[in-house]
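Okay, so here's the structure we're looking at.
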């Protein structure tokens, strides 16, 4: 049983008690807890119910209720002696962004609407983004991980050069990074933390989608600490609301680039993004707010209103548009989910 996030509710002699897991003192013979009166043809049963702290949910084969049997073992009618687990809730921010607002871009996140947003400082102090997808794993771009490293650098070489913050500048230690096996085409890497983070209203993973939310005109939110209008990194988390763009128009905009990022003076920003079947574009021509240097690795967050859940539909890969080019480029999350789940399970 994971101790993180778990609370046990005891029903003893007709009274309820909440006990933190890990508490060595569970005295069932406490004089302050009187035994209930006996009843004819009946008996008193000792029960415990496992519950989870806020921002966690119970994962169990049974209902989480355990009875003390004759062998003095706590058992569930379905799960037996197997204990439930408290797993982190994803995509349920306590203070979601106001989706009625009409000001596009440049808004400050004062409420903690993007608790999955992490800040990564790479080698030589460059700020980039990362996205919390569980209480121990984050997604970012492979290019972020390789910043100021040679193309031959290994994951072991990269790991100690990174500094990572979640929530309100909470420093977390990195155990390892895992690069996508085809990261020159699928610009993605995973970061595993040494310890699980405690999920709170300020620190919460975003869900990975099982269905494709990407369609032209669909609106998503991107947050980050990238450069602002003065080309300086901001110390306040900002966010922008952007629609998914027509992929064909995006390809034409970037001069029909279908190859890995390279210098091209005919491109609006002097370089070509990676554009392929694993990517999509988002952005507006009408407004002058956009993602910029340092925002890569952030999620294109979409709210599923039916489920009232936020999903990372994509991860920002090309963050050099900076309101000069019309579109940012994102890696499709649906193309990543199998690899992500397999990698997390193996590691």
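Here the Cβ of each residue, glycine as well, is placed from N, Cα and C on the backbone.
Values in this document were obtained by computation on a predicted structure and should not be read as measured data.
Taking Swiss-Prot as the reference, the stretch among 259-264, 265-270, 271-276 described by the feature region 'Interaction with CD163' is residues 259-264. Residue counts for the domain 'Sushi' (31-88) under DSSP, helix first, then strand, then coil, are 0 helix, 22 strand, 36 coil. Ranked by CA distance from residue 182 (N-linked glycosylation site), the disulfide-bonded residues 52, 250, 281 have 281 at the top as the closest.
Between residue 52 (disulfide bond) and residue 250 (disulfide bond), the C-alpha separation comes to 46 Å. Across the structure, residue 281 (disulfide bond) and residue 86 (disulfide bond) place their CA atoms 37 angstrom apart. In this structure, the CA atom of residue 250 (disulfide bond) is 28 Å away from the CA atom of residue 148 (N-linked glycosylation site).
Between the CA atoms of residue 148 (N-linked glycosylation site) and residue 86 (disulfide bond) there is a gap of 39 Å, rounded to the nearest whole number.
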